[in-house]
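Novice: Before we start, here is the structure in question, set down as structure tokens.
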Ligand code: UT7
């Protein structure tokens, strides 16, 4: 069976209006702008309003992506939402989004792979289209991390923000589109980055709330070491699978967790910073939404043109990682 080439037909992003700066955080926890900027590269992040949930952010980003692709919601066959902050346990945020968009014929599900979720979702959707099962898919990364962040914990609260990015995938000309995916997981590191409460292991209870188990826990330094190792190697593996040399890469779109992690990946790939999309200074770490927001922003800014070789790479809780090579 010959496979259909699959690529990105449109991108969109949405971030909430409210800005939380490093200086604002100085008034909330024992931290300072200089520490945050030098250790992470982050200057500010966006925070959803109390009324906004992940599906609301996803909806705004999706409308833009659909519009750019020139595809009506009714034409979409599949919706995948990558998120660790679903509106609720179920129904899935993808089903809620399907309803908001009126994408009546679309199958819809959420995918949980933390910050790697968007790349895992792209791989899923690409395979459905490549094999002819579906024609058009909407893939979204959407997060309201502010709702699961402990704003008394300086180790985590300086990092995270809210937002959504979306892409419409569909058939493209032979030679273009996704050339490879490299996905991985190491469950032995699951305890390094997690939300312990609210699931079937530790259901919500007065004790779980008191123990702050509904907030993100992260062993930052351990995750940092893993990230530095995996970002470069996952991107290299994806390039090798695609048969493309590092020197042919036009733009790296990495997960926006920490500027030092991004710099180490650039070093490993022999790429200069001008070949990398970096926007964590404005949005912080938006988990599954980081990569699609960065890709949509690169698209908006005209930093990607037809035929460009783009490498997407991310890592996150699970532990998980993912990389992909895409010819625009
Ligand atoms: O999306 C996926 C997940 N997450 C990540 O990618 C995060 C990966 N990890 C990181 O980016 C870094 O580990 C952090 C930015 C979280 C922390 O940076 P670090 O260079 O690893 O710092 P550290 O945790 O080793 O802490 C160094 C010092 C400590 O003080 P002592 O023990 O040396 O006196 C911390 O208590 O910095 C202190 N510290 C802070 N100081 C001011 C920790 N957080 C802060 C803070 N402000 N916000």
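Placed from the backbone N, Cα and C atoms, the Cβ positions cover glycine too.
Automatic prediction, not curation, is the source of TrEMBL annotations.
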Novice: In TrEMBL, one of 246-250, 251-255, 256-260 is tagged region 'ACP-binding'. Which stretch would that be?
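Specialist: Going through 246-250, 251-255, 256-260 one by one, TrEMBL gives region 'ACP-binding' for 256-260.
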Novice: Fill in the CA-CA distance, residue 285 (active site) to residue 255 (active site), as an integer in Å.
Specialist: 8
Novice: Could you pull out which residues elsewhere in the chain have a CB under 8 Å from any CB of the region 'ACP-binding' (256-260), counting only those six or more residues past its ends?
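Specialist: 39-41, 115, 159, 224, 227-228, 278-281, 283-286, 290-291, 293-294, 315.
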Novice: So, by DSSP, how many helix, strand and coil residues make up the region 'ACP-binding' (256-260)?
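Specialist: Output for the region 'ACP-binding' (256-260) reads 2 helix, 0 strand, 3 coil.
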Novice: Could you please provide the mean pLDDT value for the region 'ACP-binding' (256-260)?
Specialist: 98
Novice: Determine, from DSSP, whether residue 255 (active site) sits in helix, strand or coil.
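Specialist: Its secondary structure by DSSP: coil.
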Novice: Let me check the 10 A CB neighbour count of residue 115 (active site). How many other CB atoms are there?
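Specialist: Excluding its own Cβ, the number within 10 Å is 32.
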